[in-house]
Each structure stands twice: as C-alpha cells, then as structure tokens.
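Engineer: To start, I am sharing the structure in question, which I have written as structure tokens.
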Amino acid sequence: MTNEKYTDGAGQATATPSSHNVSHTSSPPSHHNSREPLPLWRKLYNIVTWTPPNCRWDPEKPPKFSMGLNVLFAFAGAFTVANLYYNHPILNILAKDFGVAYEKVAQIPTVMQAGYAAGLLFLCPLGDLFPRRPFVLILVFFTANMWLGLCITTNFAVFTGISFITAITTVTPQLMLPLVGDLAPPNRRAAALSIVVSGFMLGILVARVLSGTISNFVSWRYVYWMSLGLQYAIFILLWLFMPNYPSTNPAGLNYFKMLWSILVMLTKHPVLVQACIISFFTASTFTGFWTTLTFLLSGAPYHYDPVVIGLFGLIGIAAMCTGPVYAHIVTDKYVPLMSVIVGELCSLLGICLGTYLGAFTVAGPVLEAFLIDFGMQTAQIANRSSIYAIEPKGRNRVNTAFMVATFCGQLMGTAAGNHIYAQGGWVRSGSASVGFIGAALVFCAIRGPYETRWVGWKGGWMLRKRVVGSADGHTAEQERHQLPPNAEVDVEVGAEEKVLEEMAAEEVTSSGDEKRASDAEKGDDRSGKSISQESLGEIRPAKL
C-alpha cells in the first residue's frame with residue numbers, strides 16, 4: 001500500500017498507515033475519556049467490516065483474480081445456495097417432528113423461494129451502490145446468526161418465518177458473480193464465471209444428498225447445525241481473503257431510481273433481453289425435468305426408493321467438471337452466442353433421449369440428467385459473459401434482470417411440469433420441454449452475435465471473437481480497477497489502439513528529422529515529437 005489516502009468506494013476516506021500509528025501511540029484527547037463505550041452492535045459492525053491489509057484496495061496495485069479466490073467464491077456460493085435446498089428431502093421428517101400436516105410443511109420450500117426472489121429483486125441491485133466486501137460479509141454474518149434459530153426452535157411458525165428471512169439474505173452468491181465479472185480479465189471471464197456457477201450447482205445437488213443421507217441416521221437438526229458451521233466458516237474465509245473492491249457508483253444512487261433503471265436497461269440493450277428470454281425457457285426445462293423425475297423413478301417400471309432417486313443428482317457433477325473446461329477452451333475464444341446454441345442443442349438432445357427412452361430404460365434419464373445440466377450451464381455462462389459487457393457500472397442490476405427471468409422460468413417449469421405430468425405422464429411433460437428449448441433456439445436465431453439492433457444478423461456470422469480479449473467478441477472493455485482514482489476513460493472500441501499507432505509512427509518520423517525535433521522543443525504541437533511511454537497515460541484520446 002502507498003502512504004497516500006484512498007477511499008473504500010463508499011466515499012469514506014481511510015486513514016494512512018502513518019495515521020494509524022499516531023492514533024495508537026498518542027494519548028487520546030481529554031474529551032474522549034468522557035465518551036460512552038460503543039454499543040455491542042457497533043463493535044460487531046466494526047469487526048465484520050474491518051478489512052485486513054492484504055485485502056485493502058490499492059489503485060496502484062489492484063488485486064489479481066487468482067484461482068484460489070475463484071475457488072473460494074465457488075465454495076462460498078455452493079454452501080450458501082445449499083441453504084435453500086436442505087429441507088427438500090426431509091419434509092416428511094419435519095412434518096412429523098413439528099406435528100403438522102404434510103401439506104403445511106410443504107410450504108417451507110415455497111416460502112424460501114419467495115424470500116430468495118425478494119432478495120434478488122431488492123438486495124442484489126444494492127451491489128451497484130455499496131462496496132461488495134462489507135455488504136456480502138454483513139449478509140453472510142446475519143444469515144449465520146439467524147440460522148441458529150432454525151437449529152433450536154420447536155415452533156413451526158417461527159421455523160417458517162426464519163426460513164423466509166434467511167432466504168432473503170442468501171442472495172450473496174448473486175453479488176459474487178458480478179464481482180467476478182469486475183475482477184476477472186475479460187478474456188478469462190467465462191472460465192472464471194463457470195467455476196463459480198459450477199459451485200452453485202454443486203451446492204444444490206450436495207444439499208439434497210447430504211440432507212437425505214444424514215437424516216436417515218440421525219436427527220434432521222444435525223443437518224442444520226452442519227450448515228451453521230459452514231456459514232461461519234464461509235464468513236471467516238471471506239473476511240480473510242475477499243478483496244475490498246470499491247463501489248462502482250461512489251457518488252451514490254437513488255434506490256428507487258436504481259430499481260427503475262433495471263427496466264430502462266431492458267429497453268436499451270437487446271442482448272440483455274435476448275439472454276433473459278433464452279434463460280427463461282432453458283431454466284423451465286431444467287426444473288421441469290428434476291421435478292417430474294421423482295414421479296417417473298418411483299413408479300413402474302423402476303420403483304426406486306428415495307435414496308436411489310436422490311443419487312441421480314450426482315450425475316450433474318460430471319457436467320460441472322466439464323463446464324469450466326468448455327468455457328476456457330470455447331466460450332472464452334468464440335462469440336457467446338455460439339456457446340448458447342451449443343448448450344441449447346445439448347439440452348434438446350438430452351430431453352429427447354430422456355423423454356422417449358425413459359419409459360423403457362433408465363439410460364434415458366441418466367443421459368438427460370447429464371446433458372441438460374451441461375447445456376444449461378454452458379448457455380448460462382455464455383449469456384452472462386455477454387451481458388456483463390454492456391453496463392460495467394451496473395453489473396449487479398444486469399445480473400438482477402437476468403436472474404429474475406431465470407427464476408420465473410424455474411417457477412414456470414415446476415408448475416407446468418407437475419400439471420402436464422398429472423394430465424399426460426412422462427412423455428407429454430418431456431414433449432413440453434422440447435417445445436421450450438425450441439422457443440429458446442428461435443430467440444437465438446433472430447439476432448446475430450454482432451447485431452446492434454433488436455432483430456437481424458448485421459455484422460456477419462464470424463464465430464471467433466473479432467476483438468481478442470473481449471468478453472462478448474466485439475466490445476473492448478477498459479479494466480477500470482487498474483486505473484488511478486478519478487481517472488477518466490473515454491475511449492471507444494479500437495480508438496486507443498489507433499491513437500497509439502499514430503504516436504508510434506510520429507516517434508519514428510521524429511527520430512530522423514532534426515528540424516521537427518527542434519520544433520518540438522519550441523512547443524510546436526504539430527511537430528513529430530518523441531513521446532515517452534510514461535506520457536501515454538496522460539493523453540486522453542478523443543472519441544473517434
């Protein structure tokens with residue numbers, strides 16, 4: 001760290017190391033002795049939001065997004081998202097323990113999903129207003145403390161209410177994803193996002209497997225105590241290693257205008273609307289499959305018990321392992337739309353195999369479980385890589401729009417899958433999913449990777465990214481976290497490169513022309529003067 005003052009992004013200046021030394025060594029003023037001690041909540045707040053020296057923001061030496069930090073975000077996301085799914089396999093046990101009807105205890109997953117949706121809509125956009133580190137740590141710490149109530153309460157109403165509250169604050173993984181978009185270089189963004197999203201999906205699967213297995217041998221409360229320990233472990237790891245990336249809007253935003261701006265973004269960016277619609281239909285097939293799979297496997301001709309049915313979730317681990325590899329090899333090098341189409345085609349193949357073979361052989365559902373997981377992950381990562389390039393200072397709001405559309409698709413898939421399965425069985429339910437994937441492919445086809453309008457393929461069919469190192473293939477992103485404070489960036493795509501080439505040409509000309517060199521010394525701006533590498537950072541190229 002330098003000895004200069006820096007801001008934490010929220011507009012509050014942090015004292016220099018020398019000022020810290022003075023404050024600790026010098027005796028406090030006399031009026032401090034009469035000041036009342038800080039209340040407990042304030043002491044906790046100071047501890048939670050304190051930033052270790054290795055995580056503090058230094059604009060001259062910004063943090064590097066290492067593989068270790070990438071894995072930490074994936075681990076934190078996995079066992080935070082898992083909070084929503086521990087109750088799914090043990091609803092009958094909860095009903096017996098609390099002494100309520102099964103229909104009543106079945107409301108808990110619905111309540112938690114509603115809380116998660118509220119958190120997505122009302123908390124996630126605040127990531128564009130507050131610095132992410134203290135915001136995430138406060139939410140994780142609050143969730144862990146509230147979770148303690150779920151471990152000890154014997155009142156079902158209290159259990160339901162706390163479940164709703166903790167679901168609202170469980171949206172911290174959705175704050176981490178835009179932060180990954182900020183920290184990871186654009187040419188590695190897809191692979192970095194894929195690792196974190198793989199962690200999310202792993203958390204969904206592991207939560208169900210762990211909960212069902214543990215509850216078969218001991219009390220279900222051990223599952224919740226385990227989750228409590230994991231929450232505190234996540235908090236400690238993030239507190240030690242999560243970088244304090246500054247706020248993307250240090251001047252502050254009006255909260256209600258910020259929520260309204262999400263709708264405005266949907267009217268400005270066709271690529272965001274396209275990604276939201278595609279994700280809506282894709283997510284509906286994902287939840288529709290996993291919801292109706294239990295009905296298929298528990299009935300004829302399989303008659304599997306719940307433990308075996310739960311183990312089907314482990315098939316998705318193979319898709320999670322291959323997802324980051326595909327993102328690194330393909331998504332980071334080719335336009336995102338290509339990977340979206342590949343993901344949709346994989347999902348379509350899996351649904352067809354599972355739907356029309358599932359009634360005769362278990363190989364159909366096995367192949368569908370792998371292909372639909374891989375296809376959804378591939379399409380989602382590619383869409384995120386594309387939409388994170390459109391609003392560098394509003395990535396949390398962009399992510400909110402995308403996730404709300406995805407969440408609505410999941411709800412539709414669950415409702416439609418159950419209803420259609422009850423009316424027509426496995427084949428008819430799967431055929432509806434084929435139609436959903438077909439709709440997603442239609443929206444993939446109506447707009448090309450380089451099209452700037454709402455419909456069309458203007459710009460060509462080229463699959464390899466035209467701008468090397470970009471996330472979407474054509475937008476050259478400025479890495480703002482590597483600039484000094486208050487630096488202004490006003491460079492259009494390719495403009496900076498052109499200016500630097502012109503400067504280099506002038507430097508070569510000036511080395512062989514003594515007259516121009518003498519004119520440069522006199523201050524003639526039109527002469528070919530030698531430009532040092534240090535002076536390039538002081539030149540602000542005009543828009544071309």
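Keep in mind that glycine also has a Cβ here, set from the backbone N, Cα and C atoms.
TrEMBL feature annotations, pasted as is:
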COMPBIAS  16-31  compositional bias 'Low complexity'
COMPBIAS  512-528  compositional bias 'Basic and acidic residues'
DOMAIN    66-450  domain 'Major facilitator superfamily (MFS) profile'
REGION    1-35  region 'Disordered'
REGION    500-544  region 'Disordered'
TRANSMEM  67-86  transmembrane segment
TRANSMEM  106-124  transmembrane segment
TRANSMEM  136-169  transmembrane segment
TRANSMEM  189-210  transmembrane segment
TRANSMEM  222-242  transmembrane segment
TRANSMEM  271-296  transmembrane segment
TRANSMEM  308-329  transmembrane segment
TRANSMEM  341-367  transmembrane segment
TRANSMEM  426-446  transmembrane segment
Engineer: Looking only at residues six or more beyond either end of the transmembrane segment (136-169), which have a C-beta under 8 A from one in the stretch?
Structural biologist: 45, 48-49, 76, 80, 83-84, 87, 98-100, 104-105, 107-108, 111-116, 118-119, 123, 175-176, 221, 224-225, 227-228, 231-232, 234-235, 238-239, 242
Engineer: Excluding the flanking five residues on each side, which residues at least 6 beyond the ends of the transmembrane segment (426-446) place their CB within less than 8 Å of a CB in that stretch?
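Structural biologist: Beyond its ends, the transmembrane segment (426-446) has Cβ neighbours at 274, 277-278, 281-282, 284-285, 288-289, 292, 295-296, 337, 340-341, 344-345, 347-348, 351-352, 354-356, 358-359, 379, 413, 416-417, 420, 455.
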Engineer: So are the transmembrane segment (271-296) and the transmembrane segment (341-367) touching or not, going by 3+ C-beta pairs under 8 A with a sequence gap of 6 or more?
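Structural biologist: Since 3 or more Cβ pairs under 8 Å link them, the transmembrane segment (271-296) and the transmembrane segment (341-367) do come into contact.
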Engineer: Looking only at the domain 'Major facilitator superfamily (MFS) profile' (66-450), report the model's average pLDDT.
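Structural biologist: The answer is 86, the mean pLDDT of the model over that range.
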